[in-house]
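What follows is one structure encoded as structure tokens, with my remarks underneath.
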Amino acid sequence: MFVLWYTSLSWKEYRKSETMVDAAVLEKLEGGFQKLKSSDSKSLLNKYLSQETFDNLKTKKTSFGSTLLDVVQSGFENHDSGVGLYAPDAEAYTVFADLFDPVIEDYHFGFKKTDKHPPKNWGDVNVFGNLDPNNEFVVSTRVRCGRSMEGYPFNPCLTEEQYKEMEEKVSSTLSGLEGELKGTFYPLTGMSKDVQQKLIDDHFLFKEGDRFLQAANACRFWPSGRGIFHNDAKTFLVWCNEEDHLRIISMQMGGDLGEVYRRLVTAVNDIEKRVPFSHNDRLGFLTFCPTNLGTTVRASVHIKVPKLAANKAKLEEVAAKYNLQVRGTRGEHTEAEGGVYDISNKRRMGLTEFDAVKEMYDGIAEIIKIEKEL
């Protein structure tokens with residue numbers, strides 16, 4: 001207290017200076033906001049960041065020091081964003097709720113701010129079988145989820161030390177996995193050309209983020225603290241500090257969703273015992289992007305349906321009935337190569353993990369049935 005008196009700052013003023021948003025940040029916010037509003041951006045950020053909301057949030061900060069600028073800078077820079085905002089830390093969803101809540105409601109099928117995501121429930125893991133036992137339609141199956149480690153902010157606010165510390169924790173946690181999950185962790189830092197080529201050939205290696213992530217400050221200190229783990233059979237994969245702290249992925253060739261799902265559930269439960277995850281009673285599991293909350297589960301197949309491919313309207317109709325997303329072979333904004341589509345569940349919030357995967361399972365079963373009948 002003596003020091004504070006000596007510097008002629010009262011304790012109240014000292015605390016205020018700690019929590020105040022500095023002038024340079026405010027200036028960037030004001031400039032970016034004016035540019036966004038005079039653009040023809042179709043982003044959810046532009047749709048929901050009104051003058052009133054902006055004025056209400058521009059001076060707020062989380063305890064990690066994140067400001068509104070950390071939330072919106074990607075959408076300010078990229079007016080062609082679909083969403084345009086990210087959470088710099090787990091608290092941001094609460095501190096900047098006036099902006100996040102309507103975006104979440106819009107994106108996640110009317111998940112309102114009064115709604116509550118159900119508790120985690122993987123259900124009976126033996127319910128799902130093989131969607132395509134004769135290997136006629138399904139090329140491959142994949143189920144993934146995102147997780148954040150409790151006590152750490154998300155990408156824009158992580159220091160290089162924290163990146164390294166997290167990589168160390170993840171690496172030692174994964175090295176404890178046994179049975180079919182047993183594998184090797186490959187840090188991106190100092191990776192040899194041979195290992196790099198092997199991971200590229202397997203389509204396992206992730207690249208530095210695209211311009212949307214770059215603008216969100218999600219790629220700082222690259223490649224520090226980033227790494228890839230995969231099991232010996234190459235059916236289980238973990239990305240460390242790509243877009244999220246952890247991306248946990250189970251996959252294999254063919255249509256045995258049951259086997260893929262059981263492997264993922266076993267792995268997530270095992271990792272969770274050793275690493276506590278960021279979770280919110282209302283929003284479920286918290287990650288960097290508001291499109292990936294709740295269960296964070298994406299279950300997908302690469303599927304060959306030449307007859308339905310010739311009748312895209314019918315394919316879209318069935319997909320809509322089961323809340324499925326139809327994308328090109330290599331994901332969003334790509335073409336279907338050789339009639340092969342990437343089809344996945346769309347809903348991640350307001351339903352359990354089991355139900356999210358079941359929508360995909362039932363929808364794909366229906367798509368295969370129709371393809372056989374055509």
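Cβ from N, Cα, C; glycine included.
Note: TrEMBL annotation is automatic and uncurated.
So that you can see what the record holds, here are the features copied from TrEMBL:
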BINDING   140-144, His203, Arg247, 298-302, 327-332  ATP binding site
DOMAIN    25-109  domain 'Phosphagen kinase N-terminal'
DOMAIN    137-374  domain 'Phosphagen kinase C-terminal'
If you rank the binding-site residues Ser140, Ser300 by how many other Cβ atoms lie within 10 Å of their Cβ, the lowest count goes to Ser140
Row Val143 (ATP binding site), column other C-beta within 10 angstroms, all chains, value 27
Cβ neighbour count (10 Å, all chains) around Arg327 (ATP binding site) is 16
CB contacts under 8 angstroms to Arg247 (ATP binding site), restricted to the same chain and 6+ apart in sequence, sorted by sequence, are Arg144, Cys145, Gly146, Val238, Trp239
What DSSP reports for the domain 'Phosphagen kinase N-terminal' (25-109) is 50 helix, 2 strand, 33 coil
